[in-house]
DNA sequence: TTGTATGATTCGCC
DNA sequence: GGCGAATCATACAA
């Protein structure tokens, strides 16, 4: 604080005469030669500075102008700035040098990786593609959802950039405003350029915090979008009718052993335009639900049995063999599964041979197969011959333990991919 | 809006 | 690893 005396000495002989708005005693007192008078002058000036905000606008303006024009003002201003610098601001200064926020860095990295920030280059498409591959859905469906994902991501990106632009604009406007204000105030208050810079950086930090919130919200939106896209449950679609019929056909025609082999699954997946995993899911669900509520599925089972029987009859009437590509197991154009399991065929032929289904035109060769297969089945102990009319499609396949009776290992089930005559049923063997 | 159907997921068992 | 069982989450019809 060695400037203070210097300032005071430099003040010696300095007058304020001619400056409007200053008290008369100041104007007079400045011409004095004693130190007490000079101190009194400076004290008065400081007092005016301190009380300037209490004055009316016009009065304050006039005083401000007088003070600004005072020849001592620059020196006094510097002194006050330094005092201020060395007290309050020195504390703040220690906090200025901050390392880059790791949280902000993470957000930036993520936004960059997702293609929200940075140059637009179909951001997130890799994620979308990966998700599409993981979901294993049909190609066209994936493509549609992929574009949907990109569209939504693009929307997020647009909102992000718009908001970011707004924040930046607001930040610049506010900074300019504050700088102007401080510069203006620096004419009457001890505000150094350094302090203005510091204030600007404080403003920038505040706006950075807001930006971080924006980035965080954007990241959350992207995560939600991604999770929705990746979560297959959310985009569950029922299989189309044809696919369901193919699967049901296979299931009911292999009811004694509804465990398709890998090859069969692949073939079913191909026919139904779904994945092997979906086929597995479907059979898993079907088995458990059928077993849980057989009565409920009775009608459905009858329907498929009847359909199978009709197909068998048609096939035989057209001179086709039971193990030809157009087997009795196939229902019209929907499927073409080989009748691979004697138990399955038996269930089908129950409908042919039983009281409940007498309208079907059963070919002679089919009837002979029925007899043969009945014999085979009776040997395997799979089913009894006594079926009532309303037991057209009975759940004999399920044993007392809840498992499927005389079910061979799943891999022994004939694959639909196999050619005619490739009967691999354990029971039929 | 509600109940049911259905595809997918998870967990434990073998 | 495949399966059964339970459960979740969505689609869909009434």
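Count begins at 1; order follows the chain as displayed.
Cβ atoms are placed via backbone N, Cα and C, with glycine included.
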Worksheet item: Looking at A:1-40, A:41-80, which one does TrEMBL call region 'Disordered'?
Response: A:1-40
Worksheet item: Can you check which of A:293-314, A:315-336, A:337-358 TrEMBL lists as region 'Disordered'?
Response: A:315-336
Worksheet item: What mean pLDDT score does the domain 'PBC' (A:37-231) have in the model?
Response: 72
